[in-house]
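Student: When I checked Swiss-Prot for this same protein, it listed these features:
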type	residues	note
DOMAIN	17-187	domain 'FAD-binding PCMH-type'
ACT_SITE	ARG163	active site
ACT_SITE	SER232	active site, proton donor
ACT_SITE	GLU327	active site
Amino acid sequence: MQIQLGANLKPYHTFGIEQLAAQLVVAESIDDLKALYCSAEWASLPKLIIGKGSNMLFTCHYTGMVVVNRLNGIEHQQDDDYHRLHVAGGEDWPSLVSWCVEQGIGGLENLALIPGCAGSAPIQNIGAYGVEFKDVCDYVEYLCLETGTVKRLTMEECQFGYRDSIFKHQLYQKAVVTAVGLKFAKAWQPIIQYGPLKDLSSDCAIHDVYQRVCATRMEKLPDPAVMGNAGSFFKNPVISQQAFARLQIEHPDVVAYPAEQGVKVAAGWLIDQAGLKGHQIGGAKVHPKQALVIVNTGDASAQDVLMLAADIQQRVFNCYGIELEHEVRFIGESEETNLKQWMSEQA
């Protein structure tokens, strides 16, 4: 392993904002991870494990060690009824989805082009167009930072929720995802009830769904390689049936979907209807085609993004009485932070 000192983080996160890390190292094996996390030499140093850095914003320089997960490898087994994959945590997610489609393995096509690594998918319980990671998860393996051993959780033990999992709670800063196990029924059925997939026929092929999802994402979402961003910046808020009924009276065209504990309202619709598409502070801008995405127009600072996010949150609350929660992770000087904490520090 080679440790970089004073490393520029711009190439390591998709927002592409200039920030520095005191140390940065690329981990290519579980032994690398054990050496970094479990040895006395680096035990006291704050650490942040990242994959593609596709769902985070460094709010300032990071004083600890950034560990880049580059564990690679895909193992494929099958029986009469199922395909089973064991995927190393550093595998690129869009490439994994593409590989599955090429192999005729259905189940991930709705999750095409979501940036990031396989190891990040269970942490966020990534989802799109009616499918979430939990729907295809068999197990998740992780390095336990307390014991230095690799452990396995079943899908049920991962406690998946909307953009949520055990890795954000009981196992927060106690685990590094090393691999995921995925399970796909050979009797594949397309999930095409959402958005632009609705007009696909029920007998469509895996490739048809994949192509439609890719085309939609490329049309609506900016390529981080061209214009820095972290994808969907805010979560879709879940409100009670009563609150939704009141909202629907004033806004009959509100975009929403049933949720387990109420109604999930489209955050992009709320931001758009608040007149914020194209709204800009410094080099940070609400994307003109997809209001849920904040982009770096080229010279944005973290301060620009934070100020814009806070402004969006306040304006949406003023319009609808709904408080948006950011989906993007905010990384502070030595630990994870959030928008409320940042705003209180500015006061």
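Cβ coordinates are placed from backbone N, Cα and C, and glycine is handled just like the others.
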Student: I want to check the contact list for ARG163 (active site): same chain, sequence separation of six or more, C-beta distance under 8 angstroms. What comes out?
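Tutor: Non-local contacts for ARG163 (active site): GLN124, ASN125, ILE126, GLY127, LYS235, GLU327.
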Student: My understanding is the cutoff is Cβ-Cβ under 8 Å with a sequence separation of 6 or more in the same chain; which residues meet that for SER232 (active site, proton donor)?
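Tutor: Expected: ALA267, GLY268, LEU292, VAL293, GLU327.
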Student: Looking only at Cβ atoms, how many others are within 10 Å of the one on GLU327 (active site)?
Tutor: 18
Student: For the domain 'FAD-binding PCMH-type' (17-187), provide the mean pLDDT of the predicted model.
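Tutor: Overall, the domain 'FAD-binding PCMH-type' (17-187) comes to a mean pLDDT of 96.
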